[in-house]
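*Asks:* Feature table excerpt (TrEMBL):
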| type | residues | note |
| --- | --- | --- |
| TRANSMEM | 21-41 | transmembrane segment |
| TRANSMEM | 53-75 | transmembrane segment |
| TRANSMEM | 96-122 | transmembrane segment |
| TRANSMEM | 128-150 | transmembrane segment |
| TRANSMEM | 162-182 | transmembrane segment |
| TRANSMEM | 216-234 | transmembrane segment |
Amino acid sequence: MRALLIARRELGASLRTFQGYLIIALVLAVDGLLFNAYALGGVSKRSSEVVSLFFLFSSGTTMVASVFISMRLLAEERQTGTLSLLYSSPVKDHEIVLGKFLGAFAFLALLTLATVFMPLLVRVHGRLSLGHIAAGYLGLLLLGGASLAIGTLGSALARNQVLAAVFSGCMLVALLTCWWLARITEQPLSDVFGALALWNQHFQPFQVGVVHVRDVVYYLLVTYVFLFAATRVLEARRWR
């Protein structure tokens, strides 16, 4: 219950700040430009190909947006000194982390779903199943949630928002490059790197409208592991 109160406060703060609306505007603008240039422009494509391209570049903007949304979650509280107020309140560390994450995820979900008119335009003017759109957005939300969890850990480790963004970006890049390592190494290492890769083999099925349980479990597991790590960091800093 207390985590939900923190989440509501976090969501309200995101919707009241200039930074929140700037992120929304930039994501919508970039997605719109890429949708027009790559999905609709050039040679004619099938509706499913257009939407697959849309989810491809949207996955990139979702991860970048996650870094900027999450960088303020705990680092800003530490910068302004309000984290000590949370420490002195009857709120457990895991409730602070979970509440912050849920508030950020709600904001990211609103931002992500605000782009739904783009694939719907393709459906109106072509042949496209709603299942393909639903699977793609499920993938974006799962990828965004995992990226936010990584960003939450980065924010817990950092003393300011800039460092939080750097830490989060480095961890994201490390997980993203696992797909490249999977291509240049031999088995069983290639299988290990492929399974760890945040994007490639785990997101591509969603991109084409296919949902595999293993991919859902992977993103949920990444989210849990990084939120757990953020909680442990917060606990360690409480007793310093």
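In case you wondered, yes, glycine gets a Cβ from its N, Cα and C as well.
Any TrEMBL annotation is an automated prediction that lacks curation.
A quick note: this is a predicted structure, and the numbers were derived from the prediction, not measured.
Show me how these features fit into the shown structure, please.
*Replies:* Sequence-distant contacts of the transmembrane segment (96-122), counting only residues of its own chain at least 6 positions beyond either end whose CB sits under 8 Å from a CB of the stretch, comprise 2-11, 13-15, 20, 23-24, 27-28, 31-32, 35, 39, 47, 50-51, 54, 58, 62, 65-66, 69-70, 73-74, 86, 128, 133, 136-137, 140-141, 144-145, 148-149, 151-152, 156, 227, 230-231, 234.
Nonlocal intrachain contacts for the transmembrane segment (128-150), taken as residues 6+ away from its ends with a CB within less than 8 angstroms of a stretch CB, comprise 47-48, 51-52, 54-55, 58-59, 62-63, 65-67, 69-70, 101, 104-105, 108-109, 112-113, 116, 119-120, 122, 168, 171-172, 175, 198-199, 203, 205-211, 215-216, 219-220, 222-227, 230.
Residues 63, 66-68, 70-75, 147, 150-151, 153-155, 189-194, 196-201, 222 of the same chain, all 6+ positions outside the transmembrane segment (162-182), place their C-beta atoms under 8 angstroms from a C-beta of that stretch.
Using a Cβ-Cβ cut-off under 8 Å and counting only residues 6 or more beyond its ends in the same chain, the transmembrane segment (216-234) has close neighbours at 74, 93-94, 96-98, 101, 138, 142-143, 145-146, 148-150, 152-153, 155-157, 175, 195, 198, 202.
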*Asks:* Any residues 6+ beyond the ends of the transmembrane segment (21-41) with a Cβ under 8 Å from its own?
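*Replies:* Here the qualifying positions are 50-51, 53-54, 57-58, 61-62, 65, 68-69, 111, 114-115, 118, 122.
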